[in-house]
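A.B. asks: Have a look at the structure that comes next, please.
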């Protein structure tokens, strides 16, 4: 069933949102298990036919030339109708100015268990050169970009993650350039980097990262397997740290992550400190300069991207963060679209049909496009009856059609949903102290009003140097 028929069916009441155990609403379960934690990716032929839908699959280069002329009413815009978004390839589009390099999956080349990799670090800024050896232990993720494996530093015994990607010798690696700028408790840390070569004269970039053993995706799966909801204190902790990290990335580093999802959120299950990882899709967004719209994994993709917007903003990360928060509350994705186009249907089923002004804010080229009128589904019916109203309110503020109406990351951090974290004697479920939450730097708070600063930093932490 195509998008227009599905939407008209919903609008006429023939299709309803079915109930799901544990929630008051209609959220269909995704058919695909997303257990390809953070790094799996599938290579599609640039032009092929999806046999199940007769839908042509096109590469981003094909769609990049799509006309900006709006389609006639009751006809899907070409950018939505004549292609399937490459939602399973979040890494295939990284570096559009790098000629859309799609490196193959690495086989071997230093990733075999027990193999030792030796490199030299230092030698800059007065630091002496130092030889460091790593023993590969196990592969923790693979994809079209390369491979990530866990390794042990033989000199110190420290566990690290090494992300190994094929490097085009003609270009600098954007991910490396961005990671060198970053230093934040909620962003995975780059230890150092080095290049390696193969017998085929292939050049590989190796990013040595701090190793964090768990992902938010797997942490949530732990609860859903037991038919339980994640404790609200953990939802608060994880969502807060996502927002704090995004504020740092957006305001201090000046980059948009463009692939926020549970698989790209690392978490220490003892301290519950969260760190955003995988900056292979990240980019500094420059106003007026176009960007690819085929970015971000499907369930977490902002609607302006589905509409083919190329001059989007950091607000796409806030939409993704809202989707992650809703998923933590529900135990399953809020918008489980089965294709790029179905993703829009899932959004409309809950948010209702976007107004002409909302469509203009997402992509001004499609203001004349007419959708069947579907009423918004009340947010309080999406979640179970005992859900804190503050949680529902924050989700609704993040999941706005209009990018400029979404909370900024710093505004989200100050939301009342996180007031429990600011209480003087709050602790983790295991009795431990909370991870550092309020040790903001001057750069993180730059431009924030006095009122906002007072909301962000609890009274018992102000002026005390208390970092938690």
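Glycine is no exception: its Cβ is also placed from the backbone N, Cα and C atoms.
Relevant sequence annotations retrieved from Swiss-Prot are reproduced here:
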type     : residues                                         : note
ACT_SITE : 259                                              : active site, proton acceptor
BINDING  : 140, 141, 142, 143, 144, 145, 146, 147, 148, 163 : ATP binding site
DOMAIN   : 134-418                                          : domain 'Protein kinase'
MOD_RES  : 294                                              : phosphotyrosine
REGION   : 1-53                                             : region 'Disordered'
REGION   : 91-112                                           : region 'Disordered'
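Mind running through what each feature is packed against?
C.D. replies: DSSP gives residue 259 (active site, proton acceptor) a coil state; it is part of no helix or strand.
Other C-beta atoms found within 10 angstroms of the C-beta of residue 146 (ATP binding site) number 26, with every protein chain shown included.
If you draw a 10 Å sphere around the CB of residue 294 (phosphotyrosine), it holds 24 other CB atoms from the protein chains shown. When secondary structure is read from DSSP and collapsed to three states, residue 294 (phosphotyrosine) falls in the coil class.
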A.B. asks: Say we define neighbours as other CB atoms within 10 Å of the CB. Which of the binding-site residues 142, 144 has the fewest?
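C.D. replies: Lowest Cβ count within 10 Å among the binding-site residues (142, 144) is 142.
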A.B. asks: State which of the following binding-site residues has the fewest other Cβ atoms within 10 Å around its Cβ: 140, 148.
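C.D. replies: Lowest Cβ count within 10 Å among the binding-site residues (140, 148) is 140.
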A.B. asks: What count of other C-beta atoms do you get within 10 angstroms of the C-beta of residue 259 (active site, proton acceptor), across all chains shown?
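C.D. replies: Total other Cβ atoms inside 10 Å, all chains included: 27.
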A.B. asks: So among 140, 144, 146, 259, all listed as recorded positions, which is physically nearest to residue 294 (phosphotyrosine)? Use the C-alpha atoms.
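C.D. replies: Answer for the nearest of the recorded positions: 259.
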A.B. asks: Should residue 148 (ATP binding site) be counted as helix, strand, or coil on the basis of DSSP?
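C.D. replies: In three-state terms, residue 148 (ATP binding site) counts as strand.
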